[in-house]
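Below is one structure, written out as structure tokens; the observations come after it.
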Amino acid sequence: MKLFLVSIVLVGMLVLAAARPERDIDSFDEQEEKGFVKRGASCDCHPFVGTYWFGISNCPSGHGYRKKCASFFGVCCVK
């Protein structure tokens, strides 16, 4: 019975993953044009104040960032 339930859950997950649209996430530039881009929090990049971006190791291109500092699970970018 337990194996049957686990199998049903796994099959359901596979069906949902396969049903996902091929291109459901717009590029960063397309999001910016639509006004969907969220800004990061402020951070210190000694002695400057920058924008903290979580989960990436480089600053987003095309935004005029000229300096970056590594931060906890992300990067601090300074214009």
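Each residue, glycine too, has its Cβ placed from N, Cα and C.
Residues or ranges marked as disulfide bond in Swiss-Prot (evidence: similarity to another entry): Cys43-Cys76 (among others). Of all Cβ atoms in the protein chains displayed, 25 besides its own lie within 10 Å of the Cβ of Cys76 (disulfide bond). DSSP classifies Cys76 (disulfide bond) as strand under the three-state reduction.
The annotation disulfide bond is assigned in Swiss-Prot to Cys45-Cys69 (among others) on the grounds of similarity to another entry. According to DSSP, Cys45 (disulfide bond) sits within a strand segment. Taking all protein chains in view, 18 other C-beta atoms sit within 10 angstroms of the C-beta of Cys45 (disulfide bond).
Spatially close to Cys59 (disulfide bond) yet at least six residues away along the chain are Trp53, Tyr65, Lys68, Val75, Cys77, judged by Cβ distances under 8 angstroms. The secondary structure of Cys59 (disulfide bond), as reduced to three states from DSSP, is coil rather than helix or strand. Under the heading disulfide bond, Swiss-Prot lists Cys59-Cys77 (among others), citing similarity to another entry as support.
The feature signal peptide is assigned by Swiss-Prot to 1-19, with sequence analysis given as support.
Counting neighbouring Cβ atoms within 10 Å of each of the disulfide-bonded residues (Cys43, Cys69, Cys77), the lowest count belongs to Cys69.
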